[in-house]
Structures are given as C-alpha cells and as structure tokens.
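Notes follow the structure.
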C-alpha cells in the first residue's frame, strides 16, 4: 500500500508487519522531502513514526481520541489522517499548519503549539466522556521535553486520583526538548532507559498468586501487601513512582519496534483507570544528520537532503537579533559574574548557546518551566544577582502571574528579554509574539523597551543590565537585523524613557516602536514624494513614554500616526492615545499594528501584507486619512 492511499488511520487495521514497516519508511521519506523543501520541524516527527503507526493500528479513530503534545511531533499523524496530498503546503500560506488545529482535521482533537497541555486536555475529555456515559479511548502523547512542564505534572497528579477514569498517557522519551532535557525528572528517566527493565513478573503476578494453594482468589490483606511490594520490585524505579501516583505503568518500550509497541498498547488498552506507557525513541530517527545533531535538526530551514546542509542564501544576511543578543550578553557577563542567563529549554533559539558554552556557571536552563524561570530570577535578584530571563514572547505569557506577583509587586530588578516578539511567520498563531506590549504595559513598576535595529539592541542589553530600580523588559523580533554596524564593546546605556527624532518635518508625526521604526522612515520617504514631510520618532520605550518629546510634537504637527509590530488593543498606539487624552491633547491619531484577529501561518512578508502593514500600504492609508486631496492611486 502506498502512503498516499491512506486517507483514514483505520486503514492501518489488518495490515501485515511488513506493510506497516513499509508505511513507516514512506512516512520518513515524505517527511524528509517536505521539510528539506519547505523547512519546519524535522527531528521530533522522525522519532515517533513507529509509535504513531502502532498506536493507530490498535485504535478506532472514528471514536477514539488522540492528543499530541506540543504539536510539532505530529507530522506522521498528519500523513496518516488524509493530508498526504497537501503535505507539501506545510507551514505555507493557506496550507496545512505546522502544529495541530481543530479546524484543520477531525482527527486533530485539541490544538497544540505550546508544551505540556495534552494530559490536562485529555483528562478533560475523559471526564466529559464519563459524565455523558459515552465509551471511547483517550490517549495523550507527551514528550520532546514537555513532561518537564509543571502543567503536565499537575495533570498527572489529578488523573492519578481518578482510579475509575480511563486515560492513557504515552511518554515519547527522546531525552530532548529542543535542546537536551534538563533537571531531575529527565535524569531519572534516563536512568531507566539505560537499565534493563525488570518486569518479568509484573504483568503476570496476580495470576501466579491466584494459583497458589490455599490462597486462590481470597488473598489476605497481608498477602495483598506482599503482592504490591513484589510489583514495585518488578518495575523500574520510574515505574514505581508513576504507579505510586495512581497509574499502571508499562515500559520502557523500544519506540521503533512496531510489534512490541502494538503488543504493549493492546495490553495497556485493557487496563481500567489511568495508564502510563513509557516509550524510548530516538529524535531524528532514520536520518543520519538529525540523529547526530538532535538540537540542530529539531527544526530546519530548507536544506540539501543528501548532505544535511542548509541551502545557502543568494546573498549574505546580517546576523540574527538573537545572535547579536547572545554575543552582547556574553561579552558583558565575562566581566560581571552577577549576570545570570536563564532560558526555558531554548538555549539555541534564544542565542544563549554560546553563553552556555563560555560561561556555564552563569547559565541556567530550567527546562520547559517558564513560571519557575521567572520566580527563580526573582530569588536571584533578591540576593544581588542580575538575572536575565531570555524567553520567546509567546512563552513568557505562560508566566504572567509570576511576573506580577513575584517580580513587579516586589519591584525586583529582573531583565526580561523577549525573543520572537511580533510576527513570527510559519509557526502561526500559537507562536506569534503579539501580546507582550499589552500584557506587560498594564503592570506597575515594569519598564518596556524595543530596539529599532541590532545596534540599538546592544545598547538596550546594557540598559537592562544597569537598570536596578525595578523590572525591565526588551522585545526584539525573529530573524536578521538590518545590517547596521555593530560594536564589540563600549556600548552605552540609554536614558530610561527617552526616544529620539530621526527625521524632521512639518506636516505629520510618525511614532515608530521597535521594528516599525524602519518602516516609519520608509513611509516618510513615500509621503515626501507627495509633498508631505513627516517627523519620525524612534520611541524606544512604550513604558515610560517620552511624553516630553511626543506632546510638543503632537501639538505642533496636529496629526499623529503610531506604528508597532504587536496587537493594537493595549499596545503602543493605545499608550500614546491614552497619554494624549490624559494631557487633553486632542489631535487625530491613526494606529497601525495587528488588529483583534489571529495571524495564521505564512511568511512574515505575507503576513505584513495581509495586515496592511507594508510601507506603501501604510503610506496609502495615511494619505487617505489625513491628506485625501494629495492621495494618488498608486503609492510605492
């Protein structure tokens, strides 16, 4: 059978082992060919091919529900659920998503992009099933580091207290998240993977006791305790812990042995109550380069399938913002042992990999545990350290309470560095960094800044380190800088709450924030072609706003435009409007940013165009709003 013929996972039923293994081979081929062409997550999906096939061979997917944690593990799932012919559109505009979306397929039972959610959602579905008197299986597949997240442990704690609720948790244990897993839980699991399973009597122990003379089915309480003690000896240490939490434990199982997986899943389906299946997999399985470099091949831009090397750009690109950040922080930390770099399982993505290599004693990776990272930083700050919490904007929102309760209320000098702020492109709505301005701006004591380019980012890193009077946050985008000259040292801190005028004009005020400062300058050039001269301000800070600069300009010019790469509700434009209103400066203001809508996966350029945020589009709208008599049909 060819993989393209599978439009429903139930078609796996009845296939021979040889056929299933051939399907596994085809999945890997399609997966590799597609990611090599489009880019995307490579290693996670390659590691769960056999797991997916074996599990789906034992389920009725017209009834049963499978939830995939994180979502980027689920590419084989997509290929087995009718999306083969669309798989080439993965992560492309109007194509299939790189994560799970309920609206994309009836087999995507719960949307996933962030980690550690599957057990909670699965338990909710299981409880709803029982309340309605229905009968179907619920399976939550967690792994790729997600078990280090506190939410997953909270769900395990809850499920373990529900002995009559049938739910299966499968741990895809590949010893990795994006980077290698860290922490005691990971170390504990690794010990189990490396030891020989001693389950030789666990599965059949009860039957053996029933056959004993005199006891039979009426075991005394004393013998029951003996039986339970022997069970604990007969499973690996982690199994004993899981069983103490209320789950029946199976494993560890070879995650690339289809017959063993099928047999284990069939046995696990017979268990009444919560069951935990521990599956040991290899991230990147079947592709030599991905197995050797599991961090580098977690996700890839388009690459040469034969060599594993990225397809070179047609022209050299400036360094990425994250690389500039990591380099600058490392240089500063070399001379200041108080600086502690903190990440949540994202060393490479946030640019802290070089920091980790050079200054391991000043580096902390907490795993997928953003809440812990923030409060940990608070404790470090209390003792005079300079903690730098480096987390993607979309993931920092998971620690909102800790930012308020543990940092801002106590006014602790923690430096938050929010990578991937703004439009992120192909990762789609679960990963867009749209909301950080709004969710941080409302918190007392917080200072928020954004650089216009990579050189200003260097100065803001110094500013954040030097700011000791309270918490401070810096947002910066995914991707490459503008190519401006960088300094190796001697960076100067910026004055808090002060912007700068980049261009002077007498007709309109353009207030740019962060990445949109460069766009503001481009808009000003277009307006100038129409005889309109704009003053362009690099705001630098959204909190505190530079009202000493903005107010006189707004009063004199009488027309204000704000530009930001974030949500309009509660964002930079809202801050400007509020400040002008409070000061009774009642001038017309037009805001440009992301409206109240989700931004789907596409290239950043496509998203900007869809949102009307390209320089020509903005110039056209400014002309229409303020200078209709000068508007032309074709701008830019």
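Cβ coordinates come from backbone N, Cα and C, glycine included.
Look at Swiss-Prot and you will find 72, 113, 114, 115, 145, 146, 174, 287, 370 tagged as thiamine diphosphate binding site. What Swiss-Prot records for 144, 174 is Mg(2+) binding site, and it gives sequence analysis as the kind of evidence.
Around residue 114 (thiamine diphosphate binding site), the C-beta neighbours below 8 angstroms that are at least 6 residues distant in the chain are 70, 394, 395, 398, 430.
Spanning the listed thiamine diphosphate site, residues 72, 113, 114, 115, 145, 146, 174, 287, 370 have a farthest Cα to Cα distance of 32 Å.
For the recorded site, residue 370 (thiamine diphosphate binding site), the DSSP three-state label reads helix.
Mapped onto three states, the DSSP output places residue 145 (thiamine diphosphate binding site) in coil.
Around the Cβ of residue 370 (thiamine diphosphate binding site), a 10 Å sphere holds 27 further Cβ atoms from the protein chains shown.
In the structure as shown, the Cβ atom of residue 72 (thiamine diphosphate binding site) sits within 10 Å of 24 other Cβ atoms.
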